[in-house]
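Presented below is the structure to which this report refers.
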Amino acid sequence: GNHTLLTEFILSGLSSRPELQHLLFFIICLVYIMTLIGNLLICMVTVHPTLRTPMYFFLRVLSFLDISTASVVVPKMLVSLLSEDRSISYLGCVTQLYCVVFLAATEWFLLAAMAYDRYVAVCSPLRYSAIMSTRACLSLVLLSCCSGKVVSVVQTAWVFTLSLCGPRRIDYFFCDIPPLVVLSCTDTSPYERQLISATVLVIFTPFCLILLSYTCIISSILKISSAESRHKTFSTCSSHLTVVTLYCASGTLIYLQPKSSHSQDAKKIFALIYTTVIPTLNPLIYSLRNKEVKEVLIRVM
């Protein structure tokens, strides 16, 4: 049949109810400001001489990724809430999808690297400095970025090689894989199977490595005789586990059913969680549960 060449898309946004637009704008703008302030403070605090350890280096990189993720999605969403023009160009959609997938995948691999860092710190404390050297930390971050780039290039290329001949309206608040797959007028079953395989690879492989690391960590913690030392060690690790759980739950529920239309509103909520809410919670999780960060933060403030 005749296919119309799509040069731009229309984002439906979070809600189609006009009376909610200003309220949503205020809430999301406030959350975005909190994200920027919280993560910038973490970046500033973790360069303090007393916090120059691999754990805080990874935390600084995580904060930078959180700022980037929120900044790729939220400003366009805020403009759409106040303006009737909700269009996004074809190139803009490609760029946004690439950045979102790259940042999300990189963050997952970085969380696995952070779990490995905690494993070495707890299970091999005498060799910690030698194993987690500056070169090793930089290599892990670079490996996470390269892995995220490969995943993003492959997924973005696959999505935009589909024949997107459906309506140009995207029932979402940013360009993501599930709502774009719905626009395809061809059989997307092979791509959906590929996406599920990629989701399992990108999410569950790091998740299994994280679980393995924490199984060894918990086993070592239980062998510590001092109750205070056990509590301090577990408190440090529980912050990381909280973030991992939030990311795993939201990412799995979004990408394991890419063309499911009946749960689109639910997918919007989960997408809002991992692009907006989690980047705001990360500084709170890592600072409020970490005595060293709180002490330096008070001094900096």
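From the backbone N, Cα and C atoms, a Cβ is placed for every residue, glycine too.
Now, the feature entries from TrEMBL:
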- 38-286: domain 'G-protein coupled receptors family 1 profile' (DOMAIN)
- 23-45: transmembrane segment (TRANSMEM)
- 57-75: transmembrane segment (TRANSMEM)
- 95-116: transmembrane segment (TRANSMEM)
- 137-160: transmembrane segment (TRANSMEM)
- 196-222: transmembrane segment (TRANSMEM)
- 234-257: transmembrane segment (TRANSMEM)
- 269-288: transmembrane segment (TRANSMEM)
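Two recorded stretches are said to be in contact when at least 3 C-beta pairs lie under 8 angstroms, sequence spacing 6 or more; the transmembrane segment (57-75) and the transmembrane segment (196-222) fall short of this definition. The average pLDDT computed for the domain 'G-protein coupled receptors family 1 profile' (38-286) is 84.
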